[in-house]
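Feature annotations, courtesy of TrEMBL:
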| type | residues | note |
| --- | --- | --- |
| COMPBIAS | 193-216 | compositional bias 'Low complexity' |
| COMPBIAS | 225-238 | compositional bias 'Low complexity' |
| COMPBIAS | 390-435 | compositional bias 'Gly residues' |
| COMPBIAS | 436-450 | compositional bias 'Low complexity' |
| DOMAIN | 82-197 | domain 'Multidrug resistance protein MdtA-like barrel-sandwich hybrid' |
| DOMAIN | 249-321 | domain 'YknX-like beta-barrel' |
| DOMAIN | 328-384 | domain 'Multidrug resistance protein MdtA-like C-terminal permuted SH3' |
| REGION | 193-238 | region 'Disordered' |
| REGION | 390-450 | region 'Disordered' |
Amino acid sequence: MKLKNYVSQMRRRTLIITGALILVVAAGSVYWFGFAMPASSSQAAQAPVTRTVQASLETLEKSVSTTGTLAPTVQESAAFTVSGTVTAVNVAAGQTVTAGQVLATVDTMTVDAALLQAKATLATAQAKLADATSASDGSDADAAQIAADQSSVDLAASAVTDAETDVSDATLTAPVAGLVTSVGAAVGDKVSAGSSASSSSSSGSGTSAAGTSGTTGTTGGTGTSGTTSGTTSTTSSSGFTIVSTDSWQVSVAVSESDIANVAKDDQVELSLTDGTAFFGTVASVGLLPSTTSGAVTYPVVVSVTGSPTGLYDGVSVTAAIVYERRTNVLTVPSEAVTTANGTSTVTTLDAEGADVQTTVVVGETVGTLTEITSGLAEGDSVVITVFTPGGTGTGGGTGGTGTGGQTGEFPGGGAGFGGGTGTFPGGGTGTGGTTTGTTRSTTRNGATNG
């Protein structure tokens, strides 16, 4: 019995000693992690992340951004000025042509006959003039006859010239080099002097480019819209449209708040939706505003400089009209500048590499750069803080019931290793306890976790 009591007492002593040792170890761990470690490892872990840049000379630009539509500067229309039946169409839309290249032809039988008739009339008039001249006796009557015959010769010669022009015009040529964007004639179409064409099934009337009535019920090649009568079928104009691919312009609209900054000859940075970049200059600034949904804008035309490739009529363009450009401006990233109470400072490095707060005078901020007018020189190293950890760590929060601990002994948490607040346990980024219990506000070492 005594032996049993002795064994029981020894077990209790062992448990008490073991428990005491556990408490001592726990207390020591809490002291180490909560007090000793923040002065070394924790502070090192929470040091701000920085990067170093150099103050540099840059070009600063101010610009007005807008959008517009690309269009060729030169756009020409070509149409027949003689009547006849189209016998050949030599080009198609999308084809590139040179100036003077044949586009289409019409039957020349009528104009050839007219030329022969004009030449015969001229020959007759010339013969009559010759007879009158040789038979003249110098009388006033003979002189009057000769004058009349000479007038007839002149008229006949003019008719021959016109007939020759008609023969030439039966062959339609490109007025400029460029891209054919529309073809309004097909073999077999009837055309008249006025550049309209139609199939035999169309009816109606229209005003054409030259003012001669056409046979389509729609708008003439380059003329005004015609007034239809009867039944109008789908027809086409005999006009060909050619745009130059060597010269382009962009029409943009600038808001009333920005138009005062835009002037003729300003440089313009242009780009397509696919990222293609090219350049231009302001060709004209419109004085008459337009209003759309209450917004007042002014038209501005930009001439594209050079001969960039890959441009197409009608595509959208983003334009940045540069109205101020300054070169060799000393700048630093704007995030490097701290301003408080009207004083701006940057963090620089001294000869030993230590941080030094340097007072600077700032100028304009353009984009992500800030101008430095005083306090720095080109090449000076400037420190930028990329990341600053929180005072009590990231993701910590307040100490709750530590993992495996029970509420009570230590501030802000439990007796577990992750309980209390402070720099590391329960509020740090290390192996502190997860705050799964009810949080409590605790102050330790001057730091408060809510």
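A Cβ is built for glycine as well, from the same backbone N, Cα and C atoms used for every other residue.
The DSSP breakdown of the domain 'YknX-like beta-barrel' (249-321) into helical (H, G, I), extended (E, B) and coil residues amounts to 3 helix, 41 strand, 29 coil. Mapped onto DSSP helix, strand and coil, the domain 'Multidrug resistance protein MdtA-like barrel-sandwich hybrid' (82-197) counts 57 helix, 27 strand, 32 coil. Note on the domain 'Multidrug resistance protein MdtA-like C-terminal permuted SH3' (328-384): DSSP counts are 3 helix, 38 strand, 16 coil.
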